[in-house]
Amino acid sequence: MFRLEEKIKEKLNNKSSSELKTLTFHALLDEWLEYHIKTSGFKVTTLDNLKTRIKNIKKNSSQNLLLNKIDTKYMQTFINELSNVYSANQVKRQLGHMKEAIKYAVKFYNYPNEHILNSVTLPKKSKTIEDIEKEEAKMYNYLEMEQVIQIRDFILNDNNMQYRARILVAGAVEVQALTGMRIGELLALQVKDVDLKNKTIAINGTIHRIKCNAGFGHKDTTKTAGSKRKIAINSRIANVLKKIMLENKKMQQWEPSYVDRGFIFTTCQGNPMQGSRINKRLSSAAESLNINKKVTTHTLRHTHISLLAEMNISLKAIMKRVGHRDEKTTIKVYTHVTEKMDRELEQKLEKLVY
């Protein structure tokens, strides 16, 4: 019995060795990707991003490159080349995927060079003053509430938009600024998630722009486990949501093509709105109002963090409300706002007359 098992094992090993000789790097990546999709249990959005990164790895490497011909020197050169095209974060992820693919080759093809990527290092680029300024502009990109109101009112009075679109986009702007939700979380919001009586919202998903059985737009789980949360809302937000729900009921009654899927921020067909459309309206309104910032839906999320910081809400409470697991981003915005408040206090003290 023992000898039979040994013979079977030897036969399988020989088969793996034979297949390994003709296995290309691209074929390995494709096989690993298919295996990973079936076994990882990752959400749709994560897997779509993964597919894109694998596609980019293949785009920048030879289709006929055999796995057996690859060595550490080649991979280091390849990583260096990728870093000239993609961000440091993207290259780090790409290298991670390649390491997983190599592990797959070891497991299923008896590939002998398991540690081929272990000594490959990610290139480090020195940041220019321009890079630092761009990072700071992105990190500290928030609005004053007066500016949010200006943008909201501009959209509400924009005659180039249909009445329903004005109500929904302006509502999305205001709700985001006063809740700190990610745009995907806002668009995934359903009537059942909103408790108008107790003024709470259950944030339990995000929208992925794919076609599904019910229509266009699939509600997936939140970005992280910590992103799933329940938050309090004020009367203003409750009224905005109530008004939008009423608009949706009108659509359901009078528009035959409207399918009620339970979402709040919807198109004329009942599907979740596109975040890109809201971003376009936001950017256009900000430009028309001479707000010299790159205003996006994420700006509104930072705006909420800054608003809470100005109200002296604790860092921990802010992180819980906006669903931040990593405190890095929250701290940067929080610190920037509190430093600004300190400067304003100093200026007021200077003006005191003794």
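The backbone N, Cα and C atoms fix where each Cβ goes, glycine too.
Keep in mind the model is a prediction, meaning the values are calculated, not measured.
The annotation domain 'Core-binding (CB)' is assigned in Swiss-Prot to 23-106 on the grounds of sequence analysis.
Swiss-Prot lists 138-347 with the feature domain 'Tyr recombinase'. Looking just at the domain 'Tyr recombinase' (138-347), the mean pLDDT is 89.
DSSP assigns R182 (active site) to coil in the three-state reduction, placing it in neither a helix nor a strand. Annotation source Swiss-Prot lists active site at R182 (among others).
Long-range Cβ contacts of H298 (active site) within its own chain (separation 6+, distance under 8 Å): N141, R182, I183. Look at Swiss-Prot and you will find H298 (among others) tagged as active site, backed by sequence analysis.
Annotation comment: Swiss-Prot describes R301 (among others) as active site, evidence class sequence analysis. DSSP assigns R301 (active site) to a helical segment in the three-state reduction.
Taken from Swiss-Prot, the feature active site covers H324 (among others), and the record attributes it to sequence analysis. Proximity of H324 (active site) to non-local residues of its own chain (separation of 6 or more, Cβ distance below 8 Å) is seen for G226, I318, T330, given in sequence order.
Cβ neighbours of Y334 (active site, O-(3'-phospho-DNA)-tyrosine intermediate) (same chain, under 8 Å, six or more residues apart in sequence): I305, A309, L315, I318. Feature annotation from Swiss-Prot assigns active site, O-(3'-phospho-DNA)-tyrosine intermediate to Y334.
In the three-state DSSP classification, H324 (active site) falls within coil. Cβ environment of R301 (active site): Q176, G180, M181, R182, I183, V322 lie under 8 Å away, each six or more residues apart in the same chain.
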